[in-house]
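J.: What Swiss-Prot records for this protein is below:
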type	residues	note
ACT_SITE	Glu382	active site
BINDING	His381, His385, His388	Zn(2+) binding site
Amino acid sequence: MINRNEINENDKWDLSFLFANEEEYVKTINAIEIKTKEFKKYEKLELNFDLFKETLNKYYEIMEDLEKVSYYAMLQLETDVTNKDSNKIYSICVNLATKVSNTTSYFMPKILKTDEKKIQAWINDPELKDKKIAIEKILREKKHILSEQEEKILANYTPLYTSYQSIFSALTNADMEFGEINKHPLTNSTYTLFLQNEDQKIRKEAFLRFYQKYKNNENTLANLIISDFKKNHFIAKTRRFQNTFSMQLFSNNIDKKVYTNLIETVNENLPVLNDYYEFRKKVLNQEYLYHYDVYVPLTKGIIFKNSFEDACEKILKSLEVLGNEYTKILRNGLLKERWVDKYENTGKRSGAFSAGSYNGKPYILLNYKDESIRDMFTLAHEAGHSMHSYFSIKNNPFPHYNYSIFEAEIASIINEQILAEYLLKNETDTNKIKYIKLTQIDDMISTFFRQTMFAEFEYIIHEMISKEEPVVKETLTETYMNLLKKYFGPSLKFDELSPLECLRIPHFYSPFYVYQYATGIAAALSIYKGIKENKKDAVENYIKFLKTGGSKYPLDSLNITGVDLTKKATIENTINIFKCRLEEIKKIFQ
């Protein structure tokens, strides 16, 4: 693998949009230090309108500058973790962020202590219109903020909140060793690769060896996740929420019906998913599918070759349906302004991401390979995130630009759908068509159905804890096994180790997070349907949604596009698309 200094400059992202040189960066660091010290002087002063305005402006100035230097440091480090200078810069930023947090921490509680009618009157002043929504969101939290002493007690316990997840990570990623299969290491990250092996014996060996280690540690792992669930319930009750579910949906003002509608509608339509596994069983020519058979590819030996530039052209051509404004900006970013850090080098972070900050550009990290069509889809996916960030930044003040995780996957999934449609229209090779269509189906299973199953599991266990019902290891595994059988259907035979999968899902340590993947694809496919069918204002309203950023709550933003996630029809649309794609691929395999 080549070193960072061997990568062509044109293949690296251009961070000069953040800082032209190191001198400018150091100057901003010093300015933040000075502003942070000055901010301390406001702590003891009683708020009036002028002081409130001044303090608010200073606070967001500091936060904007801090975001800028932090992104610069993070982006430098992600391209080469072995670089001493990058590590030093990152360390400086971490320390600075801690200092800023400690010094400014008094400010939001101070706002909440001030008479709410006063604050409401102040934020209605035209001079504060660019901060109004952010403050209204803070005021909404007021009834869940405790006394100063109680808040201090909870704050002191904050490091312990993540301790269960930290122990889980250390145990599963460091202490648990899975050995080798055919001289290749079996790890948490390579496990899925083994399940994609054509040889069922290798898949079975990987499955049994992997989950036997989880079996050996099942009591510890079960206690960790149960304790984490109970910790979240304690925090929720302490903050005057009914339960963890209510607390987690509160900050984004998500209607509980969004969650329950997702699970109920998917459950009503599970025969469609069961049908897919029956189809997979027939293609693999097996009497039964086993848990280790669900990831093996149904096509093989298919080679796509696209240079980065070729991939960009295909993506841009496909996205012309979103209008000239969208493609012109994206073309400039991908091919001229160097938003993308393209290729792998020693010390570079694996995978891909989009990182948009209010200043600079919405950068994209890739490890692009010409022979991987997956990498072309990854580029389209991350470009969706970056364009969402671009439009959000250009159309909102700093306090309102950050959109929620709930909305984040919509733009990226829409890009993938549009690209796939374009490739299928222009492809004549049956095997390549098979591959693209199967990839679409696999992605829908992993993003929509699987995440809904996880969401249902979480909901059941958290509800039991909320009702103070006993939850033990067997509660987890029995609940999960029932869900596996329900979602996968009669075509699959499960091993007694299968339900231990519930003990290895890191996202369960972030309560009620995974459902957002499923609602994200449901919203995206609903918007995509309107665009594909040339519905009036579909594209215009979608771009309006992207430009909304964090200026509205997620469901209100989505309302611009006509998407309502509380309605069965929105979820059924996703299931119907899955059903159509399954019928299409069945015909190709006949």
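Don't overthink the numbers, they just go from 1 along the chain as shown.
Placement of Cβ uses the backbone N, Cα and C atoms for every residue, glycine included.
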J.: When you measure from the Cβ of His381 (Zn(2+) binding site), how many other Cβ atoms are you left with inside 10 Å?
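T.: Taking all protein chains shown, His381 (Zn(2+) binding site) has 23 Cβ neighbours within 10 Å.
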J.: If you take the centroid of the Cβ atoms of His381, His385, His388, the listed Zn(2+) site, which other residues of that chain have their Cβ within 8 Å of it?
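T.: Along the chain, the qualifying residues are Ser354, Glu382, Ala383, Gly384, Ser386, Met387, Ser389, Ala408, Glu409, Ala411, Ser412, Asn415.
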J.: Taking the Cβ of Glu382 (active site) as reference, which residues of that chain separated by at least 6 in sequence fall under 8 Å from it?
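T.: When sequence neighbours closer than 6 are ignored, Glu382 (active site) has Ala352, Phe353, Ser354, Ile364, Leu365, Leu366, Ser412 within Cβ distance under 8 Å.
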J.: Find, for the listed binding-site residues His385, His388, the residue with the lowest Cβ contact count at a 10 Å cut-off, counting only other Cβ atoms.
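T.: Comparing Cβ neighbour counts within 10 Å for the binding-site residues His385, His388 gives His385.
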